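What follows is one structure encoded as structure tokens, with my remarks underneath.
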Amino acid sequence: MKNIYLLYSIIDVSYTKALIVTNTHGSLYYASLGDKPEVLIVTMKKDFARFKNYVLQPIVGKANSEVSETLEKFRLMAEDPRLINTMHKQIPYEFIFGTELQRKVWNQLMNTNASETVCYSQMASNLGMPKSSRVVGAACGANKIALFVPCHRALTKSGQISGYRWGVPLKQRLLKLEQKPLQKESSLKEK
């Protein structure tokens, strides 16, 4: 099996750090959030451990223009999560993690709008599995592309936060950030 080379970088955003993994063409494969770079790197390596043909390399020096563009767009999205849906059209991505069902859940979440939340049970019903809200919750927990797949928008039926792979305080912050009115960004013109 041929090796697939992926690049990773840790970027700073105002409230945390993000570890981003792309291919050499800038397609997003993975994103994780947290305050400790060393923990982000260890977690990434564990998450990729089953993919023996994926070779993870840190970006040293300046990244190529495609990778740099993805990193910058992710940073903008992280600073203002109301831009997530816009970035779905601007950042190329590839799901390598997850089962077919998990990917269906993630795609459904990618169709939610900023400042909207959805409950696990409603998502399960939408997928034709009305009694599988826990399965949907587990799929959210298995998401490996933070923010881009907006699992922070998924809540319990009562509107409570039941968990978040990157921590409940971060989920609360993201939901709060999405409640602010969106202002047009001239730098976000579609390409």
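Using the three backbone atoms N, Cα and C, a Cβ is placed for every residue, glycine included.
Residues or ranges marked as active site, nucleophile in Swiss-Prot (evidence: similarity to another entry): CYS151. Secondary structure at CYS151 (active site, nucleophile), as computed by DSSP, is helix. Every protein chain considered, the tally of other Cβ atoms within 10 Å of the Cβ of CYS151 (active site, nucleophile) stands at 25.
Under DSSP, ARG134 (DNA binding site) is assigned to a helix (H, G or I) in the three-state scheme. Within its own chain, ARG134 (DNA binding site) has TYR120 as residues 6 or more apart in sequence whose C-beta sits under 8 angstroms from its own. Look at Swiss-Prot and you will find TYR120, ARG134 tagged as DNA binding site.
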Using DSSP with the three-state reduction, classify TYR120 (DNA binding site) as helix, strand or coil.
helix
